[in-house]
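Undergrad: I'd like to ask you about the structure that follows.
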Amino acid sequence: MTFDVRRFDIYRKVPKDLTQPTYTGAFISVCCCVFMLFLFLSELTGFIATEIVNELYVDDPDKDSGGKIDVSLNISLPNLHCDLVGLDIQDEMGRHEVGHIDNSMKVPLNNGHGCRFEAEFSINKVPGNFHVSTHSATAQPQSPDMTHIIHKLAFGEKLQVQHVQGAFNALGGANRLQSNALASHDYILKIVPTVYEDLGGKQRFSYQYTVANKEYVAYSHTGRIIPAIWFRYDLSPITVKYTERRQPFYRFITTICAIIGGTFTVAGIIDSCIFTASEAWKKIQIGKMS
């Protein structure tokens, strides 16, 4: 007595002479293949593409920064001489620096009547402010004109990611040339720590910020106060994290199998219903003829 392994075959084959091809079945088969190809290409595109997932949590993500945040400032004052322009920094940790000059550059504009001021500096992770003013000038002008254009104000590392839309340079392009020349400008910033993690697990740290602003002419008991451009900042305890993710391979294979199996099953049901209905209709017609 021999043991036949073929009895375990759950995919029994039907002889060709017992099958019947139909035009309807051919049409459904072609449509089925086209539909499966479309779904396969769609899933393949989604599998290759990188998905960016964002989340929020409470923490200081960049603990290795030494409690510092790098700042990049680029501003033009077309009606204020470069000798008068300076940067002052102060915060709640007691820092008070007047006339910061490290990593800064002044470019004359309008034949020397204006100035483009660029600076790279760091601030502590505590509430404070930095401001562009004439406070560090040897001689204070009578009526300094603080109208300006902000080209760039950014915090932390620069992120160049295509699918991340954030307020990393929210003040870029701010134009205050039509403002009152003697007015001070207050920009109130809420800085939000931001982390970007790529597929390799490498993290980059940057900061987004929201901004509100006001313009005013300040007076004291001694007269009008010298105007300035103030950037008052505070840090949000909420961190935004962007993570690159790609669909797992096993999920891609599972989806492809579901597409093939489901499409064949539904197409088979449709073909069977059409064939059964056509056969029944033929029998009705034959019955009427007899």
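Here the Cβ of each residue, glycine as well, is placed from N, Cα and C on the backbone.
The domain 'Endoplasmic reticulum vesicle transporter N-terminal' annotation in TrEMBL covers 5-97. Residues or ranges marked as domain 'Endoplasmic reticulum vesicle transporter C-terminal' in TrEMBL: 108-271. Per TrEMBL, transmembrane segment is recorded for 20-41, 249-270.
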Undergrad: Can you count helix, strand and coil residues in the domain 'Endoplasmic reticulum vesicle transporter N-terminal' (5-97) using DSSP?
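TA: So the counts come to 39 helix, 26 strand, 28 coil.
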Undergrad: State the mean pLDDT for the domain 'Endoplasmic reticulum vesicle transporter C-terminal' (108-271).
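TA: The average pLDDT of the model in the domain 'Endoplasmic reticulum vesicle transporter C-terminal' (108-271) works out to 89.
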